[in-house]
Amino acid sequence: MISPFLVLAIGTCLTNSLVPEKEKDPKYWRDQAQQTLKNALRLQKLNTNVVKNVIMFLGDGMGVSTVTAARILKGQLHHNPGEETRLEMDKFPYVALSKTYNTNAQVPDSAGTATAYLCGVKANEGTVGVSAATQRTQCNTTQGNEVTSILRWAKDSGKSVGIVTTTRVNHATPSAAYAHSADRDWYSDNEMPPEALSQGCKDIAYQLMHNVRDIEVIMGGGRKYMFPKNRTDVEYEMDEKARGTRLDGLNLVDIWKSFKPRHKHSHYVWNRTELLTLDPYGVDYLLGLFEPGDMQYELNRNSTTDPSLSEMVEIAIKILSKNPKGFFLLVEGGRIDHGHHEGKAKQALHEAVEMDQAIGRAGAMTSVEDTLTIVTADHSHVFTFGGYTPRGNSIFGLAPMVSDTDKKPFTSILYGNGPGYKVVGGERENVSMVDYAHNNYQAQSAVPLRHETHGGEDVAVFAKGPMAHLLHGVHEQNYIPHVMAYAACIGANLDHCASASSAGGPSPGPLFLLLALPSLGILF
């Protein structure tokens, strides 16, 4: 048994030794604060240029506690204490909070939230691209209740559009950009009930290829949902679970190819080598399906077959940026959510760090003068870290104390519920007896569940670029796409555009903006 006094003594020594010398000088903190103040004062001159490009980064399940833990991890991966590190999203000048509830759920799911931040209306949990008049699983409540997304609005305005995700391309988040479904789980017709099929509802993979036929870039997982039932997967030939699922016998990849104009350059790729061999500036349409289901966790990724999120984002921007009218790109770090559901904090946080790297890559390829970039989450998780850990403590390490009840150590990271609930001999498992630094270690939880749940608290919204100042304070989640549309002069937000101009030219003044906003029904 570890002595609590020994743990406390070690923690005290570590705390003293890990304080950087410069931080002991008050001048360091005063100078830092003064520089931050100067940066804030510069924001008084608002950037009201008309947006050419819109990039939305969605960290699925990336609540504020995940953002903070990812920040520390990023720093520690660079051999720093971690707490002082800045994520790319930390550098964005405008921050707001988003209220994530669904119309019928206090703690939301990823489908109803995706409908909110992509389509501009709140919806029921489990439904995508439809209003709250649609009931989950009830196909006959879909017709007439469809709502369109910012991706559709951008495409209708002449912009190029793209979707990049680390989940299936027909998963909850991306599907709200193009599909209208009473159930997020209708990935292919194989997952649909006979009643829904007989009533004429289409699966989400089918809708991906048919609803918005000219999406320029689609990258992620989900290969098996595009091919006929039992068709062998190109990569996992012996894996029955990787085989095609479609009961209708359709080859949606071939259908995707058939919809593309002959004079355009269209490419379907299924591995990283094929992707990186392409000249993106010579590609008009790209479909990349790199796994039968979701893509692998970043820590498990096969660098030969699976591209990283950063690589996919870079290629997507190169393809989309050829359009002089600009583009809309949705990027999802989707497996942050999966890591948390499995109680595998290390997997989740490495996914978040990789998404932050992709944010940096996108920032280096675009300009704040004409590109609005938004980073947010659909919901949070019951994930936390604490325990009075000293500065520089490994984010996956032990707290510097033991429980004053069972006298056992505990990791700083814990979950409110989930699969990490472990009882050994009638008592809480002693974490010092297991490898709590393992990639797949499941952090302890207070309540036993097979899958950890979402959290219901607000999530952060980070914004930079033209009109980013419209994201401030606390907003309903469905407000977000209205800001993007207003800034880019697309969709229904066109009244102010005649006197507005593109980046670098004269812009509508603050008074004009204040007069224009009420017509959009926007409340602050």
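The backbone N, Cα and C atoms fix where each Cβ goes, glycine too.
Swiss-Prot names ASP60, ASP378, HIS379 as Zn(2+) 1 ligands; from the candidate set SER98, SER110, SER412, the record adds SER110 to that same site. What Swiss-Prot records for the Zn(2+) 2 site is ASP337, HIS341, and among HIS210, HIS454, HIS469, HIS472 the residue it adds there is HIS454.
Just one of GLU216, GLU235, GLU369 is listed by Swiss-Prot for the same Ca(2+) site as PHE290, GLU291, ASP306, and that one is GLU235. For CYS139, the partner cysteine in a disulfide bond according to Swiss-Prot, taken from CYS13, CYS201, is CYS201. Of all Cβ atoms in the shown protein chains, 22 besides its own fall within 10 Å of the Cβ of CYS139 (disulfide bond). Within 10 Å (C-alpha to C-alpha) of ASN271 (N-linked glycosylation site) lie the following recorded positions from ASP60, ASN140, GLU235, PHE290, GLU291, ASP306: GLU235, PHE290, GLU291, ASP306.
In sequence order, GLY61, GLY63, THR100, VAL107, PRO108, ASP109, SER110, THR113, HIS454, GLY455, GLY456, VAL459 constitute the residues six or more apart from HIS379 (Zn(2+) 1 binding site) in its chain with CB-CB distances below 8 Å. Sitting within 8 Å of the Cβ centre of GLU235, PHE290, GLU291, ASP306, and not among those site residues for Ca(2+), are the Cβ atoms of GLY221, ARG223, TRP270, ASN271, LEU289, PRO292, MET295, GLN296, ASN302, THR305. The Cβ neighbour count for GLU291 (Ca(2+) binding site), using a 10 Å radius over every protein chain in view, is 24. CYS139 (disulfide bond) sits 26 Å from ASP60 (Zn(2+) 1 binding site), taking the CA atoms of both as reference points.
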